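Trainee: This is the structure I want to talk about, given as structure tokens.
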Amino acid sequence: MNAPLGGIWLWLPLLLTWLTPEVSSSWWYMRATGGSSRVMCDNVPGLVSRQRQLCHRHPDVMRAIGLGVAEWTAECQHQFRQHRWNCNTLDRDHSLFGRVLLRSSRESAFVYAVSSAGVVFAITRACSQGELKSCSCDPKKKGTAKDSKGNFDWGGCSDNIDYGIKFARAFVDAKERKGKDARALMNLHNNRAGRKAVKRFLKQECKCHGVSGSCTLRTCWLAMADFRRTGDYLWRKYNGAIQVVMNQDGTGFTVANKRFKKPTKNDLVYFENSPDYCIRDRDAGSPGTAGRVCNLTSRGMDSCEVMCCGRGYDTSRVTRMTKCECKFHWCCAVRCQDCLEALDVHTCKAPKSADWAAPT
């Protein structure tokens, strides 16, 4: 059993290096690795020396980061679910997204931001759950404090988000800090915006103590909000992302259009306009929209007109099982029948050109 696995791990770095574009965050592939920490650290291609050092030194943190990859990729797919590019991932590509992120587009800006945020979230959560040797609950949240409602005692387990941010910065930014080009600066900016987004939704939760809930004493702690809050916030930043160009000395950005404001540390920035993602394009990494489900009654990005890029759509009748004739029974249950429902599903037609199906 061990011999075949050893052979796979021996060839994996060479295979992935050959298949993968240069511009990518190689640590994203950690979601697909398993086994010992040494196997994981040594067989994720593209990690720089600082990342490998941290990987070997903190295998428990790496496991948390690897589990977090699935969470932030799911969040990315949720946010883009109604768009032509839907944050689709490629199983045999350690960049996860293929060539689409080679372009310094607003989609790249979002992915780097949400992935950086995902690392902060995953590490901080693992700290609070006692899964990491190097951190625990926030040690600064002790003693008595005061807010608008009066005095309270710090108690429970406050999320140690400062540790999550510090480790995420050291690990995620390590590769970009080795580069001095424009794309590295863009990635660093968006990585930071993602980290700041998680901390933005840190909230204070309290529990009252006293006779009949009189709240004569309050115990409070700081907790991260659900990751969806961060995803929604970064989605708004994606829609308001600011196109920039490098300044003359190559140390920072200036807005491409002087009518727009200078980006803040919370904004997402990008250099290049996005492709339309209408057709499968090997160079752009676009899978196209042929076969994508569209909404016939929508006027948004998921409408058949927009999603299908004017190519039209096919309609098929499908049946699905739904709950129907639900009744409330005392006490206290709702009982339903299983019913078959017929509905029309609309999918985008393929382009008429013969080369639309060229593999990406």
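Any Cβ shown, glycine's included, is placed from N, Cα and C.
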Trainee: Pick from Cys208, Cys215, Cys220, Cys348: which one does Swiss-Prot say forms the disulfide with Cys308?
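Mentor: Between Cys308 and one of Cys208, Cys215, Cys220, Cys348, Swiss-Prot records a disulfide, namely with Cys348.
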Trainee: Pull out the disulfide-bonded residues from the set Cys137, Cys208, Cys308, Cys326, Cys332 whose C-alpha sits within 10 Å of the C-alpha of Cys127 (disulfide bond).
Mentor: Cys137
Trainee: Which one is it, among the disulfide-bonded residues Cys135, Cys215, Cys278, Cys348, that lies nearest to Cys331 (disulfide bond) by Cα separation?
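Mentor: Nearest in space to Cys331 (disulfide bond), counting only the disulfide-bonded residues, is Cys215.
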Trainee: Rank the disulfide-bonded residues Cys127, Cys339 by the number of other Cβ atoms within 10 Å of each Cβ and report the first-ranked residue.
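Mentor: When each Cβ's neighbours within 10 Å are tallied, Cys127 tops the list.
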Trainee: May I ask you to report the DSSP-based helix, strand or coil state of Cys208 (disulfide bond)?
Mentor: strand
Trainee: Could you measure between Cys137 (disulfide bond) and Cys215 (disulfide bond) for me? Cα positions, answer in whole angstrom.
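Mentor: Cα to Cα, Cys137 (disulfide bond) and Cys215 (disulfide bond) are separated by 24 Å.
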Trainee: Return one of helix, strand or coil for Cys278 (disulfide bond), based on DSSP.
Mentor: coil
Trainee: Please give me the CB contact count at 10 A for Cys308 (disulfide bond), counting all chains in the structure.
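Mentor: Step by step: centre on the Cβ of Cys308 (disulfide bond), count other Cβ atoms within 10 Å, giving 22.
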